[in-house]
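Q: Submitted below is the structure of interest, expressed as structure tokens.
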């Protein structure tokens, strides 16, 4: 390995005894998400922004086996496109950057501290149900369910209440992950209070101000999606 490559690798950025360090948190989160069935077959991804650094899980690594030394680090801010212009300050030499990177960056540009992408079966199923019931332009809506309180109303607006209606936009899938970026950003603009975007037949992107908020919001949404699927089986409407 050349001296230049060694210098570029900046291993110190992912070496820490602090369990709250992003390089330690991302593998821990990925193991949890794998055990929950959200990120099978190396799918999905997680990214955390800390100050001027963005830490991103790599592509193609089994989520339950991920280690801190697998993590990519970007200087922030950094261009979304073209990929060659992104300011990587640590690149594991034997791994590929996540195809989710430009979508994570779109969330960080809106103030997020963490963004999670899962392939949850419940998320996929609700996109199919919405498409069948409302057509391709429909969004997911649900109300009068206690767990809705786990989702924010919007930046600086507090949390949704029991009687509020949660709305999550849905975008069409594409052949390549990076090509979702434009549609994701349009959905963010059309739904400025949303903290999540569903991808039809694919999964969901969820972001939050910090790791804890992104994780708990993702958990709350997955609960609501599963509940919605079961409600649909029983003929119970999602919005009361």
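Keep in mind that glycine also has a Cβ here, set from the backbone N, Cα and C atoms.
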Q: According to Swiss-Prot, 117, 119 bind Zn(2+); so which of 21, 53, 202 is the extra one listed there?
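A: Within the candidate list, Swiss-Prot flags 202.
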Q: State the three-class DSSP label for residue 117 (Zn(2+) binding site), counting H, G and I as helix, E and B as strand, and everything else as coil.
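A: Note: residue 117 (Zn(2+) binding site) is in a strand by DSSP.
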Q: Across all the protein chains here, work out how many other Cβ atoms are within 10 Å of the Cβ of residue 117 (Zn(2+) binding site).
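A: Excluding its own Cβ, residue 117 (Zn(2+) binding site) sees 31 Cβ atoms within 10 Å.
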Q: Around the C-beta of residue 100 (substrate binding site), how many further C-beta atoms are within 10 angstroms, looking at every protein chain?
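A: Cβ-Cβ neighbours of residue 100 (substrate binding site) within 10 Å number 24.
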Q: For residue 119 (Zn(2+) binding site), write down the residues of its own chain that are at least 6 apart in sequence and whose Cβ falls under 8 Å from its Cβ; none is a fine answer.
A: 38, 39, 40, 43, 44, 202, 203
Q: Sequence gap of 6 or more, C-beta under 8 Å: which same-chain residues meet both conditions with respect to residue 146 (active site, proton donor/acceptor)?
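A: Spatial neighbours, sequence-distant, of residue 146 (active site, proton donor/acceptor): 162.
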Q: Taking the centroid of the Cβ atoms of 117, 119, 202 as the Zn(2+) site, which other residues of that chain lie with their Cβ within 8 Å of it, listed in sequence order?
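A: For the Zn(2+) site the neighbour list reads 43, 44, 118, 120, 123, 199, 203, 204, 205.
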